[in-house]
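Chemist: Questions regarding the structure given below will be posed in turn.
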């Protein structure tokens, strides 16, 4: 844990905060406590990354990429599995809300929407960080990602653009992928994005049926 706190301080802080909230905040069920803690951790991490993105220039991104290089693949894997697991937990949460009155149903559905949106944003951000790491630790002659204007010192906004284009449209738009390792990561994000987009559609139909059915 000390190692993760050194190499991934924002993720570690958000995870500890989410764990504390999940344990301390009272809830009707274990599933609700898990989702409350998950949301607390996810939205804290997203806020920290937004602050980091707003103030970081390309040299800062490169420095962070080098620091976070160790065990970055494992961190990416664990976060993605946790985000996918949150979808399964949401399914259980929705199943338990069928017999509630309209007011409590709306609260559950709002909580569900918050969880899905947070998990979807988390996937985009964690892949953004990973692309930044791969770009700035690549030692080839050509850049690992080729941006349209020939950019050689991208910042987090550029990597967010690349990551969320894949998450939304499952394509790389005007950014070229020049290494096999990044192509593997793009493939993984595309598959995860498909699962999330399908789940969002399914949850939307389920919520609409619960409210108007």
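Indices start at 1 and increase along the chain as displayed.
Cβ from N, Cα, C; glycine included.
In TrEMBL, annotation is done automatically, which means it is predicted and not curated.
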Chemist: Out of 8-29, 74-95, let me know the one TrEMBL marks transmembrane segment.
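Modeler: Based on what TrEMBL states, transmembrane segment spans 74-95.
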Chemist: With the transmembrane segment (36-54) as the reference, find which of 74-95, 107-132, 190-212 contributes the most Cβ pairs under 8 Å.
Modeler: 107-132
Chemist: Given a Cβ distance threshold of under 8 angstroms, which distant residues of the chain, six or more beyond its ends, lie next to the transmembrane segment (190-212)?
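Modeler: Answer is 80, 83-84, 87, 90, 94, 97-98, 102, 105-106, 109, 112-113, 116, 119-120, 123, 166-168, 170.
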